[in-house]
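Trainee: Please see the structure below; I have some questions.
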Amino acid sequence: FEPDSSSDEENEDKRVKIHPHTVTAKYATQPGDDGYDDAPSFEDFGSFLEETSDKKKLMESRRWPLTLFGAESDGGGKAAKGPGKGVGEQLASFGEASVSASRLTWVLLLCAALAHGCLIVLTRLASEQFHFAPLFLLTVRSVVQLLSVAVPLLRGENPFGPEGYRLRLFCYGVAYSLSLCCAYSSLTFVSAGNATTTWRLATTALSAVLAFLLLEERLGLSDVITIAAGLCGLGLLLLPTTDEGNSDAPTNPVTFWKGAFGWSLSALAGLWMALALVGYRSLKDRVGIGTALFTVSWTSCLLAPSTLAFLQDGWAWPVSVPAWAIMAGLVSCSAAAFLGMTHALTRLHPALVSASQSVEVPVAMLLHLAVLPVAPTAPEVVGNAMVVLSVGWLVATKLLLSRGGGLRQREEYEEILDSPIK
């Protein structure tokens, strides 16, 4: 390409570089002004794509229209509808996949809550009927769950985490194990219902705060209101009963301080669990669920026996078939609850994950009433109802928003495709 000699004077400050598929014009209207205006040569775009087989297949499958600037022919108009339909179908499939993934996440999360509820009842049954120390139960389940090391080994991963993240993974395992040790230790001093409720309330509240401070992840206003309602329901469950509030007998100082120590351990367990949830949330893209389970298992194998020896709790092996069955149920429920909750952490806010697990308290109460029929008090009924309604509303809003978001994205994109200005 040579400039016309008659226009040499007009183009004395304009230099053109020719590329096989790109025209670059350099303008120097002012001294020192090196501005380039690069634009692809759309006329040669088709021939350029045909030079390679991959690009040729792309052209044959999608038939890119040559009407990017509005000048379209009949054939171009027909071609313009094809890609729009394909993109719309792709967006629809992506939206449906997102909704399906959200449904699966919430289903697994609710199943984890049910497993946690069963775990509470089995732990209480093992302690009352077979006189197993809670920390001994934690030690047994941790030893059995060491078999989860097979998951990272089969995937060719390091069981102790990828290089550069092992210290953070170790801190996550220690925090999770300390939470379990504190929670199981509190069962020696307070009832299982109060310990679990305090643990869940502290975990939910602190995980929301720590996620904001450490990860800068915020909750929406509707989520905050829903979680606050669930926390109020848990607070009602912690109100003293009529017998406890109107007792005229003098309180034994030893009993009082033991109860205070148990409540403190439950709150401390919530703090450690909140740190663990936030810690795994920061590692979700680097550490698999199997590796996380193995990390929690081997750190618990170190901390649980030490705590057991420090508190001098009993150590007794199961000697009957029902006792072994309860042990197997404990291990299965704890593993299922951990997997469901950890999978949800890869997609949801830690506070939402912990709040959804509050369903374990009503589930444990219903299972306990099925075994030992006792009329619940009014605060217990109202508190459990608030917990169930808050979690149900949370799940419903999240699933409806995910479905609506996918539809809105598809409609907006189709509106863009149908508009005259692309």
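Keep in mind that glycine also has a Cβ here, set from the backbone N, Cα and C atoms.
Heads up, here are the entries from TrEMBL:
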{"type": "COMPBIAS", "residues": "1-11", "note": "compositional bias 'Acidic residues'"}
{"type": "REGION", "residues": "1-34", "note": "region 'Disordered'"}
{"type": "TRANSMEM", "residues": "104-126", "note": "transmembrane segment"}
{"type": "DOMAIN", "residues": "107-238", "note": "domain 'EamA'"}
{"type": "TRANSMEM", "residues": "132-155", "note": "transmembrane segment"}
{"type": "TRANSMEM", "residues": "167-187", "note": "transmembrane segment"}
{"type": "TRANSMEM", "residues": "222-240", "note": "transmembrane segment"}
{"type": "TRANSMEM", "residues": "260-280", "note": "transmembrane segment"}
{"type": "TRANSMEM", "residues": "292-311", "note": "transmembrane segment"}
{"type": "TRANSMEM", "residues": "323-346", "note": "transmembrane segment"}
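Map these features onto the structure and tell me what's around them.
Mentor: Across the domain 'EamA' (107-238), DSSP classifies residues as 106 helix, 0 strand, 26 coil.
Note on the transmembrane segment (132-155): residues 123, 126, 180-181, 184-185, 187-188, 288-291, 293-294, 296-298, 300-301, 304-305, 307-308, 311, 313-316, 318, 323, 327, 330-331, 334-335 of its chain, located 6 or more positions outside it, place their CB under 8 angstroms from a CB of the stretch.
Residues 123, 127, 134-135, 137-138, 160-161, 195-196, 198-199, 262-263, 265-266, 268-273, 275-276, 279-280, 282-283, 287, 291-292, 295-296, 298-300, 302-304, 307, 311 of the same chain sit 6 or more residues outside the transmembrane segment (167-187) yet have a Cβ under 8 Å from a Cβ within it.
If you look at the transmembrane segment (323-346), the same-chain residues 6 or more away from its ends with a CB under 8 A from one of its CBs are 105-106, 108-109, 111-113, 115-116, 118-119, 122-123, 125-126, 130, 132, 137, 140-141, 144-145, 148, 277, 280-281, 284, 289, 292-293, 296, 353, 356-357.
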Trainee: How about long-range neighbours of the transmembrane segment (104-126): same chain, 6 or more residues beyond its ends, C-beta under 8 Å?
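Mentor: Hits for the transmembrane segment (104-126): 132, 134, 137, 184, 187, 192, 196, 323, 326-327, 329-330, 333-334, 336-341, 343-344, 347-348, 353, 356-364, 366-368, 371, 391, 395, 398-399.
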